[in-house]
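Asker: Pulled the feature table from Swiss-Prot, pasting it below:
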SIGNAL    1-34  signal peptide
TRANSMEM  104-124  transmembrane segment
DOMAIN    105-403  domain 'AB hydrolase-1'
ACT_SITE  Ser232  active site, nucleophile
ACT_SITE  Asp461  active site
ACT_SITE  His488  active site, proton donor
Amino acid sequence: MAAMWRRRPLSSALLSFGLLLGGLPLAAPPLAGATEEPGAGQTPGAPVVAPQQSWNSCREFIADTSEIRTARCATVSVPVDYDQPGGTQAKLAVIRVPATGQRFGALLVNPGGPGASAVDMVAAMAPAIADTDILRHFDLVGFDPRGVGHSTPALRCRTDAEFDAYRRDPMADYSPAGVTHVEQVYRQLAQDCVDRMGFSFLANIGTASVARDMDMVRQALGDDQINYLGYSYGTELGTAYLERFGTHVRAMVLDGAIDPAVSPIEESISQMAGFQTAFNDYAADCARSPACPLGTDSAQWVNRYHALVDPLVQKPGKTSDPRGLSYADATTGTINALYSPQRWKYLTSGLLGLQRGSDAGDLLVLADDYDGRDADGHYSNDQDAFNAVRCVDAPTPADPAAWVAADQRIRQVAPFLSYGQFTGSAPRDLCALWPVPATSTPHPAAPAGAGKVVVVSTTHDPATPYQSGVDLARQLGAPLITFDGTQHTAVFDGNQCVDSAVMHYFLDGTLPPTSLRCAP
């Protein structure tokens with residue numbers, strides 16, 4: 001199993017954000033010692049006219065605006081292809097919650113994915129930070145990248161019914177015939193994407209284009225410099241923006257880092273190893289209870305998990321939902337739960353349902369949440385956007401042997417995710433069959449100007465492993481904040497040590513110590 005898992009935002013961060021961040025001493029907003037590396041901020045490509053927009057009510061994007069009455073929203077038009085600025089345009093949805101006091105500038109946030117909506121994130125975050133120095137001194141701004149969320153055109157490759165059918169297929173048979181089937185499913189998905197969205201749109205959906213979009217949003221805000229907080233995939237976007245538009249960055253925090261120098265296969269293997277670590281942490285916690293469905297013998301945790309989940313390849317598990325629990329949904333639900341200990345109880349409940357032959361519906365709920373399926377059976381486009389962006393962000397090997405070798409390595413580093421035995425064959429990843437060529441290649445991040453960036457990395461982060469943060473901080477020449485925890489991302493999730501360091505940096509440019517380490 002070599003597919004990448006989407007790097008989702010940690011929604012629980014919004015619950016505690018407002019509790020720790022008030023009352024910090026203030027200084028003038030410019031960052032002391034901020035200098036630019038030679039050549040940074042150069043922007044090749046055809047000239048594009050600065051966007052014009054009007055700020056209006058957010059009801060077009062947000063159903064309930066009662067808690068964000070001061071918020072204003074707009075759409076910013078950007079060229080689908082920046083080499084043809086007068087051609088087809090995409091419209092980016094943007095939300096801005098204005099600072100309540102002396103304004104230091106705009107703080108743009110990106111929740112990750114790729115595919116997650118920053119408009120929705122800001123709408124949820126703003127009420128939680130209403131009484132803090134962040135919203136007192138910064139406009140809180142989110143924009144949905146091209147194809148994502150409330151931006152148009154929305155990238156959709158599947159109907160709701162087609163996505164449901166996709167989830168019912170276990171795609172676990174790695175015999176030659178099974179591999180042929182999986183690759184045919186991937187080819188059909190890729191072709192559906194091209195047929196429904198067009199080759200040109202897919203060729204320009206990548207992070208390189210989104211970084212240019214972000215600068216168009218900066219211009220629409222009227223600011224020469226922005227502040228930026230990127231979670232997960234948002235760190236990749238931040239790094240790309242810094243590389244192209246470094247002179248327009250005042251302060252940037254990258255949490256849950258992606259190493260831009262790593263190949264897709266190596267990134268996938270590293271991520272799978274991270275999920276295995278998180279699984280082990282979950283199982284150890286579960287084993288404190290005699291009712292744990294995985295038992296108390298650590299040597300048997302993986303085997304017991306497979307004994308519960310693998311039979312779903314042949315027959316769905318019981319749920320109150322008539323769909324039942326497929327093998328794919330059980331795996332996806334497990335992955336979702338491993339993003340945060342706050343979700344572990346739902347994983348335990350679902351596994352107990354499988355063990356007892358009763359309702360395993362909590363795993364289905366977790367899978368629906370991950371895949372963006374609502375109670376009416378309608379899907380967000382998060383997953384389609386995730387696939388389309390990652391497939392053009394880096395070239396993926398088409399050689400089947402590379403994926404057989406990857407499957408063998410993944411079975412070693414993440415046995416809980418590996419169905420059956422190694423067969424000597426394995427399907428290529430969706431991106432290896434994607435008809436649109438990659439528009440970027442992996443490369444180390446260039447050193448940032450002094451004081452431009454702070455990197456945060458969590459020791460047992462399943463989706464963006466800790467070492468990626470270490471490596472990105474080294475490439476950028478940036479200080480690293482280490483959080484000792486088992487979760488995906490840490491900033492504004494209630495840890496006083498992390499949050500205070502980040503707040504001081506945004507407010508007055510105070511950099512954390514080079515190797516700051518924060519306990520849970």
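Cβ coordinates come from backbone N, Cα and C, glycine included.
Could you place the listed features in the three-dimensional structure?
Answerer: Neighbour count (other Cβ atoms within 10 Å of the Cβ, all protein chains): 29 for Ser232 (active site, nucleophile).
Long-range neighbours of Asp461 (active site) (same chain, six or more residues apart, CB within less than 8 Å of its CB): Gly256, Gly274, Gly485, Gln487, His488, Thr489.
Secondary structure at His488 (active site, proton donor), as computed by DSSP, is coil. When other Cβ atoms within 10 Å of the Cβ of His488 (active site, proton donor) are tallied across all protein chains shown, the result is 28.
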